[in-house]
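These notes concern the structure reproduced below.
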Amino acid sequence: MGLSDGEWQLVLNVWGKVEGDLSGHGQEVLIRLFKGHPETLEKFDKFKHLKAEDEMRASEELKKHGTTVLTALGGILKKKGQHAAELAPLAQSHATKHKIPVKYLEFISEAIIQVLQSKHPGDFGADAQGAMSKALELFRNDIAAKYKELGFQG
């Protein structure tokens, strides 16, 4: 289920746009995640109290965490599927400490796609969307495999 060189190029081209405003993109991704799937908010002790979108937008902690999430994801995407070293600590913390189910990674993947569609319609056409979906699925599948190795049934 690997991506072609052309698909990776599409992914990295749009990711360059994301890196121009990591905090803005990250904040938007988390807001979409929490609004679309409120149950995910329960996994974040420091954000549980944020119920309204305006509260989320005003939270510097949420913006900071969004930056952290997208920085980590960008590092993984740039490895073009050769991301085992980057993935291992992420899988470890998300399985053992945070206990984030794979389903929630699907939810955040959807939010990422939606944010990219919204913010970069000219650079995120059908081909780029398909490539990004494949890249995020590869990431999720590899995380799920690591979860299994760790005995986490997320």
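Residue 1 is the first one shown; counting continues down the chain.
Cβ atoms here come from the backbone N, Cα and C positions, even for glycine.
Lifted from Swiss-Prot, the feature list:
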type: BINDING; residues: His65; note: O2 binding site
type: BINDING; residues: His65; note: nitrite binding site
type: BINDING; residues: His94; note: heme b binding site
type: DOMAIN; residues: 2-148; note: domain 'Globin'
type: MOD_RES; residues: Ser4; note: phosphoserine
type: MOD_RES; residues: Thr68; note: phosphothreonine
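Fewest Cβ neighbours within 10 Å among the binding-site residues His65, His94: this applies to His65. Following the DSSP three-state reduction, the secondary structure of Ser4 (phosphoserine) is coil.
The modified residues listed here are Ser4, Thr68; among them, Thr68 has the most other Cβ atoms within 10 Å of its own Cβ.
In this structure the alpha carbons, written CA, of the residue listed as 'phosphothreonine' and His94 (heme b binding site) are 14 Å apart.
Here Ser4 (phosphoserine) is positioned 28 angstrom away from His94 (heme b binding site), judged by their C-alpha atoms. Rounded to the nearest whole angstrom, the C-alpha distance between Ser4 (phosphoserine) and His65 (O2 binding site) is 31.
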